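*Asks:* Below are the features listed in TrEMBL for this protein:
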{"type": "DOMAIN", "residues": "18-292", "note": "domain 'NADP-dependent oxidoreductase'"}
{"type": "ACT_SITE", "residues": "Tyr51", "note": "active site, proton donor"}
{"type": "SITE", "residues": "Lys80", "note": "site 'Lowers pKa of active site Tyr'"}
{"type": "BINDING", "residues": "His113", "note": "substrate binding site"}
Amino acid sequence: MVKVPTVTFNNGQVYPVLGLGTWKSKVGEVTQAVKDAIDIGYRHIDCAFVYGNEKEVGEAITVKINDGTVKREDLFITSKLWNTFHRPDLVRGALQATLTNLNLKYLDLYLIHWPQAYKEDGPLFPSDESGKILFSDVDYVDTWKAMEKLVDEGLVKSIGISNFNSKQIVRLLEHATIKPVTNQIECHPYLNQKRLKDFCEERGIKITAYSPLGSPDRPWSQPGDPQLMDDNKLKAIAERLGKTTAQVLIRYQIDRGNIVIPKSVTKSRIASNFDVLDFKLSQEDMALIDSFDCNGRMVPMNASLGHKYHPFENEEF
Ligand SMILES: NC(=O)C1=CN([C@@H]2O[C@H](COP(=O)(O)OP(=O)(O)OC[C@H]3O[C@@H](n4cnc5c(N)ncnc54)[C@H](OP(=O)(O)O)[C@@H]3O)[C@@H](O)[C@H]2O)C=CC1
Ligand SMILES: CC(=O)C(C)=O
């Protein structure tokens, strides 16, 4: 079985650089996808409470542990605290719900999904009559303090952040006792995040690249939107190397030192996305792909526009 290389986090924990994404993986498809992924060799699964499919992901994990394919300690399971659970007194219960869904006693990594909080004690996307999301002003620093307690209790091995901008990270680090191990952010050639990556790495925070294939199945995609995997320049590189465009996009992240979590529910794609460990992109190809950067954000989180902690408004980077 091919072993995926690992990164070492700032707390000493190792993590596989390649994992399986599960956003939009439908109930009815995701259990088989995760079982296939584990059979193929994936050991890192990226989940979130808000994806609404953790129970089905957990069923796959349980089957694969019970049939002897893997032990719990072979797996690296990430999940994320949703925006309606930022209030410190809600954090532990939110984690507990995720652990129950996944049928696990601990998580390897738990992230604050977004810096901005939503109104608590109701739906995951609370809104007024006009459909506008109802915000909460809970400070992500207070949420982080509650996340740190989960590490102290042994319920999570590592904690991290997702979608935080540089100013928010500076502020978090001023108050943190435990440093985040990773910032999970959108990252692909159209939004290569060079400045935020350098900034995080200078502070010992690894980048996890989400939507590495350009998230073609994102719900708000419009006909005519640019499709990363159809980019002729990327296709030409892939053809020259005898690889698929997806494999080049995944390898691009690994060769930058990032963790990468492509999503698929299609067994052949889950397998080919994993088959990226026997080649490396040349410095010339890396530089060429870097040059495709065009601020092409696919996950802008427009529902949170106007929130004082929205990470992509008024951010430097
Ligand atoms: N922290 C955060 O806020 C966010 C985290 N994420 C995480 O990152 C993961 C990945 O990002 P995501 O936005 O899902 O998008 P990806 O960039 O991973 O793209 C997924 C899409 O690409 C298709 N696909 C996968 N492999 C191939 C292939 N080899 N050839 C052609 N098409 C392929 C999938 O189809 P199919 O499944 O039908 O095979 C699916 O439509 C998420 O699933 C989630 O876990 C994502 C967004 C935000
Ligand atoms: C996909 C995801 O994690 C979002 C939109 O928060």
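Start at 1 and count along the chain as shown; that gives each residue its number.
Heads up, the Cβ atoms here are built off N, Cα and C, so glycines get one too.
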*Asks:* Counting Cβ neighbours within 10 Å across all chains shown, tell me which of the recorded positions Lys80, His113 comes out on top.
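*Replies:* Of the recorded positions Lys80, His113, the most buried by Cβ count within 10 Å is Lys80.
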*Asks:* Through the lens of DSSP with three states only, how would you label Lys80 (site 'Lowers pKa of active site Tyr')?
*Replies:* strand
*Asks:* So what sits near Tyr51 (active site, proton donor) in its own chain, CB-to-CB under 8 Å and at least six residues off in sequence?
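*Replies:* Thr22, Trp23, Lys24, Ser25 - these are the non-local Cβ neighbours of Tyr51 (active site, proton donor), listed in sequence order.
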*Asks:* Give the three-state DSSP assignment (helix, strand or coil) for Tyr51 (active site, proton donor).
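*Replies:* Once the DSSP labels are grouped into three classes, Tyr51 (active site, proton donor) ends up as helix.
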*Asks:* C-alpha of the residue listed as 'substrate binding site' to C-alpha of Lys80 (site 'Lowers pKa of active site Tyr'): distance in Å?
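*Replies:* The Cα atom of the residue listed as 'substrate binding site' is 5 Å away from the Cα atom of Lys80 (site 'Lowers pKa of active site Tyr').
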